[in-house]
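Remarks on the structure that follows.
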């Protein structure tokens, strides 16, 4: 049975197609269906994949729990997918939660005491763990024990509980916000990088097969090169292009259909959308190309500072459209040319395309 796609939204307040975070619970369910189950199926992140393959094989050979794993990098690159793959390859169950959900020590203790031998506990947004919960986690990671306080007041006493050996997989987009004691307790640390166009085209082709969509190699590449180096965005664009092709192109996604669909969706050949162009135009037209502080920029375009720093900027910086300097944000020569303008003398040169054409 083919995986059902979500509907094409034309609401003005619809989430950005090129946003790296999941847009809706429905999208998350589609992502789960498209997710590779084993390392052999996992595309890209060659260094992290090869390391995990060795570490998992060694742990299985010794019948031990895999060492604790920290996965960090921009959103949408496959941290959750890798956590599921680790559990699958180890032949164990995975419990999933997130840092903000674990408000009290008891929340974490309940999860830890229910883990079976060598199970995987996946904590997304681990940088958002509260300090009191983090303190409970330290002895669990080091000694597979937790201290529970029973009773209240003068009669309260601490009881030490033994845990089954387990693997913590932590995921974060903000590795710098992790405390040093927590970071030091991870034996395996992997940074996930933006994907190149070839790997994304492979992912798009695989996903199209699961979605029962007819796509040519050229059509897959056209979708991939606008996906901002991010598999989640590639799969989202694929679903929208698939909708267009079914209505306007006889169901076949070739270069022409992909180009027409993405033009309709206002995603340009470089993967920039309206929000990206709005930010770049503000720097160029309102602040003469910069430098401009992020707070001033946020006010100029009506966005939150965190949205600019976490969602919009990473791609623009990696792709050579924006420079972050001590004095503020500056547009590069690539930005001026992209907007059809002549770069002023002394403007910043581009750092180039890091994802591959």
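Positions of Cβ are set from backbone N, Cα and C atoms, glycine also.
When secondary structure is read from DSSP and collapsed to three states, residue 195 (ATP binding site) falls in the coil class. Summarising the annotation, Swiss-Prot assigns ATP binding site to 34, 35, 76, 79, 80, 81, 142, 143, 144, 185, 195, 232.
If you look up Swiss-Prot, you'll see 80 marked as Mg(2+) binding site, on the strength of sequence analysis. With a cut-off of 8 Å between CB atoms and residues at least 6 apart in sequence, the same chain places 96, 122, 124, 171 near residue 80 (ATP binding site), listed in sequence order. In the three-state DSSP classification, residue 80 (ATP binding site) falls within a helix.
According to Swiss-Prot, the DNA binding site annotation covers 305, 324, 329, on the basis of sequence analysis. For residue 324 (DNA binding site), the Cβ neighbour count at a 10 Å cut-off comes to 15, with all displayed protein chains included. According to its DSSP assignment, residue 324 (DNA binding site) is in a strand.
Under the heading compositional bias 'Polar residues', Swiss-Prot lists 1-10.
Sequence annotations record features per position, and here Swiss-Prot assigns region 'Disordered' to 1-30.
Model confidence over the region 'Large ATPase domain (RuvB-L)' (5-195) stands at 88, taken as the mean pLDDT rounded to a whole number. Annotation source Swiss-Prot lists region 'Large ATPase domain (RuvB-L)' at 5-195.
Residues annotated as region 'Small ATPAse domain (RuvB-S)' in Swiss-Prot: 196-266.
Marked as region 'Head domain (RuvB-H)' by Swiss-Prot on the basis of sequence analysis: 269-357.
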Euclidean distance between Cα atoms of residue 329 (DNA binding site) and residue 195 (ATP binding site), Å
25
Residues close to DNA site centre defined by 305, 324, 329, Cβ within 8 Å
293, 294, 297, 308, 309, 313, 328
Considering Cα atoms only, can you say which of 76, 142, 144 is the nearest neighbour of residue 305 (DNA binding site) among these binding-site residues?
76
If you measure between the CA atoms of residue 76 (ATP binding site) and residue 324 (DNA binding site) and round to the nearest Å, you get 22
For residue 34 (ATP binding site) and residue 329 (DNA binding site), the CA-to-CA distance in whole Å is 37
For the binding-site residues listed here (305, 329), tell me which residue's CB has the most neighbouring CB atoms inside 10 Å.
329
